């Protein structure tokens, strides 16, 4: 009897220990379930990440074996003596920046962005222009930031300063009037010098004589995406003379008499300069509605105010050096509108390109993401943004392309843009 009691006691203890073990095991299992799920999710997302990245391996690794400049940013973790391969062949081109000494930080930000996204793979020259001598700090900092050669030039006074034939009384009155109207840069004398210089003198600088193409860069801009190609090469191979990324409406208060001067020029000029059958004149003169939500901006002249935003432009210097462009500029310049009003280089370049070039000599670089305050542009194709590692959202309010103030749809219809819009009733 005593033996039975001992046996039952041992069985009870064993059952209790077993139940306790089961409870502990169940508790541990329940605690581990979220962790196991997390491991499963981590494994899934890791696998998907590898699938996406491997899809773009060629794009991501296409520049791993580039030969890079020793004295500057290499953008490469490997020692230079381990790099192998052949440099990308460069075109006869330069990156061009009109900049002042005090804008150094903004210049470096723009340079870093463009070097990261494009020039680290080509090492194009950087050319800097200023109306006063560059200081040593500016030269040293920009030289260190560039992957290619840097060069600096002082703009001659006769190319920059206000011409002597401008009536000073009328000029001062114009400054005061525009300042009272709160027109952007309406009271600035130096801004007018800059617009006139960029319209008719930048391409005459001796430092640019050796080059065929230029890429205009301004301080404090950003390039959102890796460049999928060399735009200079695209320009040369496809016989393009002018390239842009953003097009929008101009402020009419800055150019009230510009179109009148253009019309006078058209009446007086030789017809050989202009071919209305093949040019993009409709881009700057057409007022037709495009779609239900994209109308037109009111204008008091025959100019619809569309222009290419020239803070990003890639151009053929030989077009600007041509007699037909110089004749056009000098005629406009003789009217004094750069000073009595506030004509910008953007509408001047845009009207000139639309009149004097064939529409298929102008290219819209729609794969290039770009930001100049307050507007930007971002490629609309999702997989293109992935492939080019873009840091932008095509649906962001800052993306001007589908904004009502954008002229991109006008370019699609009246330039060398979208075929379906040209034939849409």
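In case you wondered, yes, glycine gets a Cβ from its N, Cα and C as well.
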Pick from 14-33, 34-53: which range does Swiss-Prot record as transmembrane segment?
14-33
Measuring CB to CB from residue 313 (active site, nucleophile), give everything in the same chain under 8 Å that is also at least six residues away in sequence.
215, 216, 242, 243, 244, 349
Determine the mean pLDDT over the topological domain 'Lumenal' (34-425), rounding to the nearest whole number.
87
